[in-house]
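Enquirer: So TrEMBL has the following annotated:
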type: BINDING; residues: GLY15, GLY17, LYS18, THR19, THR20, ARG113, LYS152; note: ATP binding site
type: REGION; residues: 35-58; note: region 'NMPbind'
type: REGION; residues: 112-122; note: region 'LID'
type: REGION; residues: 171-198; note: region 'Disordered'
Amino acid sequence: MARTNPNIIVTGTPGVGKTTHAEQLARSLGFKHISVNQIVKDEGFHEGKDEETGSWIVDEEKLLDYLEETDLSALGGHILDWHACDLFPERWIDLVIVLRCDSTTLYDRLTARGYKGKKLEENMDSEIMQVLLDEAREGYREEIVVELRSDKVEDVDGNVERVEGWVEGWRRDNPKGREEDEGEGAKEGEGEGAKTLV
């Protein structure tokens, strides 16, 4: 079955605005927002919390099996919201948005959430060293990975508009939909819509 809408990952370090972006995109596009962290908690796809950071130790196999059963790869129209992206099969995904944030702004956001010690340090280092951007670039074709700034509230509206334009381009380029395995491993031939975000 060909999916008639793209699947999009919104990823980035905690505090960069993933959920805010994902919720607004889902509303404006009529897509389904999938909070992966919430699924991990609700469905128990974890092995408890890391003692030092307080973060969930995710059972990725159970999580992927669960998501596979939702038919998200076949249906399209999903916004996946999570701090990692490279575990999702490329055949599921049409666009990877990596949100980035100024380190001073991010520090303020994370400390306001109560992050401290190792958890704060690891997340700040991850953003400064662009770990998630590098993972996205290593895990997916270059042309579907886009870095967007999320420093100010105004950035969200601008980013949502850019993604809306990209989705319009994807739909024009895929009038009959896109088969799940199309483009897997390919480095060229992705629709022109992807270039409008760069």
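Yeah, the Cβs are placed from backbone N, Cα and C, and that goes for glycine too.
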Enquirer: Report, as numbers and ranges, every residue of the chain located at least six residues beyond the region 'NMPbind' (35-58) whose Cβ falls under 8 Å of a Cβ in that stretch; write 'none' if there are none.
Expert: 19, 22, 66-67, 80-83, 117-119, 122
Enquirer: Tell me which residues of the chain lie with their Cβ under 8 angstroms from that of THR20 (ATP binding site), as long as they are six or more apart in sequence?
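Expert: Listed in sequence order: VAL156.
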Enquirer: Short question: which residues 6 or more past the ends of the region 'LID' (112-122) have a Cβ under 8 Å from it?
Expert: 14-15, 52-55
Enquirer: Could you pull the average pLDDT for the region 'LID' (112-122)?
Expert: 94
Enquirer: Restricting to the same chain and to sequence separations of six or more, state which residues have a Cβ under 8 Å from that of LYS152 (ATP binding site).
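Expert: The list for LYS152 (ATP binding site) is empty, so the answer is none.
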Enquirer: List every residue in the same chain as LYS18 (ATP binding site), at least 6 positions away in sequence, whose Cβ is under 8 Å from its Cβ.
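Expert: Sequence-distant Cβ neighbours: VAL10, THR11, GLY12, ASP81, TRP82, HIS83, LEU99.
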Enquirer: Consider each pair of residues in GLY15, GLY17, LYS18, THR19, THR20, ARG113, LYS152, all listed by the record as binding ATP, and report the largest Cα separation in Å as a whole number.
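Expert: If we measure all Cα pairs in GLY15, GLY17, LYS18, THR19, THR20, ARG113, LYS152, the largest is 17 Å.
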Enquirer: Helix, strand, coil: count each for the residues of the region 'NMPbind' (35-58), based on DSSP.
Expert: 8 helix, 8 strand, 8 coil
Enquirer: By DSSP assignment, list the helix, strand and coil residue numbers for the region 'LID' (112-122), in that order.
Expert: 7 helix, 0 strand, 4 coil
Enquirer: Within its own chain, what residues at least 6 apart in sequence put their Cβ under 8 Å from the Cβ of ARG113 (ATP binding site), listed in sequence order?
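Expert: Correct list: PRO14, GLY15.
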